[in-house]
Structures are given as structure tokens and as C-alpha cells.
Amino acid sequence: MEPHRPAMLNKFIQTNQVSILNLPFSGGQPKKGTEVAPELIEQAGVQEDLENLGYSVRYIQNPSFKTPPKIEGPSKDLIKNPQYVSDVCRQVRDTVKKELSEERLVVNVGGDHSLGMGTIEGVQAVYDDACVLWIDAHADINTPESSPSKNLHGCPLAFSLGYANPVPPEFAWTKRVIDEKRLAFIGLRDLDPQERAFLRDHNIAAFTMHHVDKYGISKVVEMALEHINPGNRHPVHLSFDVDSCDPMVAPSTGTRVPGGLTFREAMYICEATAETSTLVAVDVMEVNPCLGNEEDTKNTVNLARSIIRTSLGQTLL
Ligand SMILES: NC(=[NH2+])NCCC[C@H](N)C(=O)O
Ligand SMILES: [Mn+2]
Ligand SMILES: [Mn+2]
């Protein structure tokens, strides 16, 4: 079939190649189910969507991520599954790094958002000036110590910013790889006390749902991108937690928070990011097909599919 539109010219990735990393993993939080999301999102037709945009797609499967290597008790600071999360995230880092260094755009399909520490390190290993646009109801910037839940999906950015102190031994491989001025959030509405303190003390560009209401999504995206990526000179890593969206839009996810993004606001973020021609990696995280009814699962899987094709250049016209 003729592609109806050529793949967008990308400032950093000059091939038309995309690697989709299926990351069937739920070890960063207690609810089973995120490990089955990648296969459902694949079956929804992502490969065909991207081929229609002119991309050549390679799928990378990681079935071993599904099963914890061994039963582990909590480490002494009580965070859950530290060794399992660490092992998987380290492998994710290496795969992202390899695919990007061979000039393939990377799509990471989770899985829970603890995977973000792996995707960020992988992107930064190839593009050390890349910026991160984190779309989420949550800031995921708790340290293992500050985390009230002790679930590692609430912690990935604390590792990438070097805030965890002490760093649990399992995560000794993580480094401070991003600077605060290269990180922005959109969609925030559920923050823990220490997360709020980090965002304020380090002057991180944190756009909450209040800002979306006040300025509208187009202005918020413009301010966020202008802050982290002035002049579109840096590669962009878009990390999309579907719980940024309203529970009516993304019902099948583990930590639902009322008052989120509409479907169009979510798409607008993807469209505006695509228009910068600087996207090198996108994460779609926290779809849990085991939560909600059949209709809920279908809608949430379709949201994930739409996030992928829209951030890779699909437009409405
Ligand atoms: N990726 C997510 N959905 N994270 C939710 C984190 C919720 C809460 N802040 C915590 O630390 O546990
Ligand atoms: Mn979240
Ligand atoms: Mn998240």
C-alpha cells in the first residue's frame, strides 16, 4: 500500500526506521496487568499505522520481563522489587541506546512507568542534551525514601536526576543524566509532599491541570517546549503516562486521578511535539488492560495507539 504521507523529516533521525520496544512489565507497582498491554497495543494495529506514515517498523519483544527472576523480599528501605525493576530497566537502557545509536526512532510500550529510568538513560546515552517532556498526573520524582507507597513507578525521575540519596545498591548503575532545565511536566494533579518540594526547589517547569485550564493546552505546550527546548535545538523524549488523561478517557490504568486531560488535549501534545521534528523517543506507559470492563480496555488501548501514531506525525488532515 502507498504511504499516504511520507515520514516527517526529523532533525536527528534521518532514516525512516522505528523500533518498537514491547516492555511487558508490572514490577514497579502492585497491580498485575500492565505486562499484557504491549501485545494488545501491538494487535490494535500500530505497525500498520506507522507504515502508513512511511516508516519501516521493527518490533523488539522482551517476553522475559513478564516474570520476576526470583521472589524477592523488600530491600531494607522497603521499596518493592528493587532487583527485578533494576534488571529490567538496565536492559531497557541498553536496547534504547542500541536502537537510537543505529538511527532508529524508539517507541517504548509499557509496562509501568518505572521503565522510565531505563528509557531516559538509554536516550541520554546517545543524546546527552535531549530534553524530557513528562506527561502524567504524577511527577514520579519520589526517592525510595520519600515514596509513601514504596512503588518504584513513582520514582524513575528521582534516579535520572540523581536525587536518591542514598541510592539503593540495586540502582548503583543509575546516574544523574538529565538537568532540571531539560525537564517539563504537563498534566500534574496528584503530588506527594517531597515531590512538590523537589519541583519548587529546583524550579522545574511543572504544568498542572490548573495551568491547562488557565492557559489552554496550546499555550501550555508552547511554554513547556520553549522552556526545555528553545529554538528546537535539542532532541525530545516524550514520556506519556496514560493516567495524565482523565479516567473517562483512560479508564484502564492503575492510579486514576479525576480531572485529567481530554483526548484532544492529549493528542494536541503529541501533534505539537511532532511538529518540532525533534522527537527521538516516545514512551507509552501504565495501560492496564486488566482494569475496567472490555470497553474501558478497548478505549485505553486505542488511546495508546493514537499517542504513538500522532507523536510520530499523523495529522487529522
Ligand atoms: N507512574 C505512576 N502511575 N505513578 C504513580 C505514583 C503515585 C505516587 N506518587 C507514588 O509514589 O506512589
Ligand atoms: Mn501517573
Ligand atoms: Mn507515571
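Cβ coordinates come from backbone N, Cα and C, glycine included.
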Next on the checklist: According to TrEMBL, Asp136, His138, Asp140, Asp241, Asp243 bind Mn(2+); which one of His113, His227, His234 is annotated to that same site?
Outcome noted: His113
Checklist entry - For the recorded Mn(2+) site formed by His113, Asp136, His138, Asp140, Asp241, Asp243, which further same-chain residues have Cβ atoms within 8 Å of the site's Cβ center? => result Trp134, Ala137, Ala139, His153, Gly154, Ser244, Thr255, Met285, Glu286
Checklist entry - So how many other Cβ atoms are close to Asp241 (Mn(2+) binding site), meaning within 10 Å of its Cβ? => result 26
Next on the checklist: Name the residue among the binding-site residues His113, His138 whose Cβ has the smallest number of other Cβ atoms within 10 Å.
Outcome noted: His138
Item to check | Cβ-Cβ distance under 8 Å to Asp140 (Mn(2+) binding site), same chain, at least six residues away | outcome: His113, Gly116, Trp134, His153, Gly154, Cys155, Pro156, Leu157, Asp241
Next on the checklist: Just to confirm: which same-chain residues, 6+ apart in sequence, have a Cβ under 8 Å from the Cβ of Asp136 (Mn(2+) binding site)?
Outcome noted: His113, Phe185, Gly187, Leu188, Ser239, Asp241, Asp243, Ser244
Checklist entry - Just counting, how many other CB atoms are there within 10 A of the CB of Asp243 (Mn(2+) binding site)? => result 28
